[in-house]
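Each remark here refers to the structure printed beneath this line.
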Amino acid sequence: MDKFLVRPDLRDLQGGGEEPAPTGGASGDLKSPDWRHLRAEGLSCDYTVLFGKAEADKIFRELEQEVEYFTGALAKVQVFGKWHSVPRKQATYGDAGLTYTFSGLTLTPKPWVPVLERVRDRVCEVTGQTFNFVLVNRYKDGCDHIGEHRDDERELAPGSPIASVSFGACRDFIFRHKDSRGKRPRRTVEVVRLQLAHGSLLMMNPPTNTHWYHSLPIRKRVLAPRVNLTFRKILPTKK
């Protein structure tokens, strides 16, 4: 049987962007959120609902207004040497002097906008971590998705976690161990599944991205949009 971290109510399964009863700083002590800890072989993640519904709704509206997404060539991804349209919208924001390379693209982030700074600062406050870059992914509905991958780019600061903050529709999120992938896996390792609620924070701690791939699969029943912010600590570009 697959492992589960969170079981939301039926409203979440319909993709309406509602979150379960707040379990984190949104309703209690901001600096002491109610974390749910997910542990497996080589996997270390922590989950909480960080923003209550009213605040999460407000942030979602501001993200829809303020974030400028890639178009043209920047809206394509390279897979096995071929270029394909990205099945979601993407944008990058961060500190000056940074670049980030993934899927065949080298990107220079846009300057921070207020809503992204506000979310970043909240995440830093409750985790004690610092982040200088964010990748924004917008999924218009359950047909938009991202395949199995690891966030292991060379620009990432060694030993730094990745903070994933979700707004909008609740979506399934799946971890698969690198040894259990493909038609002839080396061995069987339980898949780890969770559902990322509106206003939630998932901390992916080392060495998770060394051993586990993660994905956001197609879910046609989900009709509402979702915006995900993955905050990272990037090494300055060498000159």
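In case you wondered, yes, glycine gets a Cβ from its N, Cα and C as well.
The motif 'PCNA-binding' annotation in Swiss-Prot covers 3-7. Residues or ranges marked as region 'Disordered' by Swiss-Prot: 11-32. What Swiss-Prot records for F80, G81, K82, Y100, T101, F102, D152 is substrate binding site, and it gives similarity to another entry as the kind of evidence. The domain 'Fe2OG dioxygenase' annotation in Swiss-Prot covers 130-235 and rests on sequence analysis. For N137, Y139, H149, H214, R226, T230, R232, the entry in Swiss-Prot reads 2-oxoglutarate binding site, with the evidence type similarity to another entry. Residues annotated as Fe cation binding site in Swiss-Prot, with sequence analysis given as evidence: H149, D151, H214.
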Practice task
Provide the three-state secondary structure of K82 (substrate binding site) computed with DSSP.
Solution key: strand
Practice task
Take the C-alpha atoms of R226 (2-oxoglutarate binding site) and Y100 (substrate binding site) and report the distance between them in angstrom, rounded.
Solution key: 23
Exercise for the section: Could you give me the DSSP helix, strand and coil counts for the domain 'Fe2OG dioxygenase' (130-235)? Expected result: 7 helix, 50 strand, 49 coil
Practice task
Would you mind pulling the longest C-alpha to C-alpha span across N137, Y139, H149, H214, R226, T230, R232, which the record has binding 2-oxoglutarate, in angstrom?
Solution key: 20
Problem - Distance, H149 (2-oxoglutarate binding site) to K82 (substrate binding site) (CA atoms, angstrom) - result: 17
Fill in the blank from the handout: D151 (Fe cation binding site), Cβ-centred 10 Å count of other Cβ atoms over all protein chains shown, is 16
Handout entry: H149, D151, H214 excluded, remaining Cβ within 8 Å of their centroid (Fe cation)
Key = I146, E148, R150, D152, N209, Y213, S215
Problem - Packing count at Y139 (2-oxoglutarate binding site) (other Cβ atoms within 10 Å of its Cβ) - result: 26
Exercise for the section: Could you work out which of the binding-site residues (Y100, F102) has its C-beta surrounded by the smallest number of other C-beta atoms within 10 A? Expected result: F102
Exercise for the section: Whole-number Å only: compute the distance from the Cα of H149 (2-oxoglutarate binding site) to the Cα of Y100 (substrate binding site). Expected result: 16
Handout entry: Integer average pLDDT (0 to 100) for the domain 'Fe2OG dioxygenase' (130-235)
Key = 93
Practice task
Compile a sequence-ordered list of residues in the same chain as T101 (substrate binding site), six or more apart from it, whose Cβ lies below 8 A from its Cβ; state 'none' when nothing qualifies.
Solution key: L107, E153, R154, E155
Handout entry: Pairwise Cα distance for N137 (2-oxoglutarate binding site)/G81 (substrate binding site) [Å, integer]
Key = 23
Completion exercise
Least surrounded, by Cβ count within 10 Å, of the binding-site residues K82, H149, R226, R232 is K82
